[in-house]
Amino acid sequence: MAFPPSAGFTWISKTHNDTYPTITAAKCKQHGRAVFVTGASKGIGRVTAVAFAQAGAPSLALGARSSLDAAETAVLDAAKSAGHPPPQVLKLTLDVADEQSVADAAARVERAFGRLDILVNNAGRVEKWVPLAETDPKSWWATWEVNLKGTYLMTRAMLPLLLKGGEKTIVNMNSIGAHLTRPGASAYQTGKLAMLRLTQFTCVEYAAQGVLAFAIHPGAVDTELASNLPEDTKAKLVDSPELCADTIVWLTQEKQSWLAGRYLSANWDVAELMARKEEILQGDKLKVKLVL
């Protein structure tokens, strides 16, 4: 898939389309962690929850608007196959764009786990891609409601629980689209760009209390959300959901405070990313800002 250099796809020279030995979730350690994954009923969200179970996370909250029964079964099976005790699974009917729904979820997580270590804001929406004058205002804004407002509401409600936890880590599901201006994608791509700034604000305001937030492009994954994408784009969705899921589990098994507020891509080889840590820190790279 060809992207302009400014999109950063090949900024790390070695890229992946599927999971690889370095990041395999079953080799990672998430013992003792309480994890919340939104949009967990299917797609990347469900696979991410499964990956945390494979890594031994004992407490998993799964949030979605649709049934989570299949996701719960997959999580329990994954933990068993990896040789871990069955995790405590909290299934939450959740609309991330609804303040009361999010507040209710936070209350249930607190009752069940007492705190939260890792929040994965995965729930998302993609509108039908058409030029601005042809957009439906309700559909256009609904994308922002889920992708940005949903991330804001979840972060806002879960921060008190994260501050009680050990890892205090937030992973926001982003997109390479934040760095693109594809005709027709005005709601999705502007919302993802705004999410990057929200990720930075989270760190600016809470890093002193130990909170870490970063955003990640999951790769080009063929999920249910992709149904509204143009056909030429759908044909390029060749990455596995396991690539992103395992990358997230690997990146959060040890606290990577230097990633605070930054944009990452699941396609990037993590060994090369880590090798460029000093370059990233010295240049304050992988953040949204005006370069003059």
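Count begins at 1; order follows the chain as displayed.
Any Cβ shown, glycine's included, is placed from N, Cα and C.
Per Swiss-Prot, the features are:
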| type | residues | note |
| --- | --- | --- |
| BINDING | Val37, Asp95, Asn122, Arg156, Tyr188, Lys192, Val221, Thr223 | NADP(+) binding site |
| ACT_SITE | Tyr188 | active site, proton donor |
| ACT_SITE | Lys192 | active site, lowers pKa of active site Tyr |
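Feature map: Swiss-Prot annotations on the structure.
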{"residue": "Val37", "record": "NADP(+) binding site", "DSSP (3 states)": "strand"}
{"residue": "Asp95", "record": "NADP(+) binding site", "DSSP (3 states)": "coil"}
{"residue": "Asn122", "record": "NADP(+) binding site", "DSSP (3 states)": "coil"}
{"residue": "Arg156", "record": "NADP(+) binding site", "DSSP (3 states)": "helix"}
{"residue": "Tyr188", "record": "NADP(+) binding site", "DSSP (3 states)": "helix"}
{"residue": "Val221", "record": "NADP(+) binding site", "DSSP (3 states)": "strand"}
Quiz item: So for Val37 (NADP(+) binding site), how many other CB atoms are inside 10 Å of its CB?
Solution: 32
Practice problem: List nothing but the one residue from Arg156, Lys192 whose Cβ has the fewest other Cβ atoms within 10 Å; the candidates are the binding-site residues. | Solution: Arg156
Exercise. Tell me the Cβ neighbour count for Thr223 (NADP(+) binding site), meaning other Cβ atoms within 10 Å of its Cβ, over all protein chains shown.
Key: 17
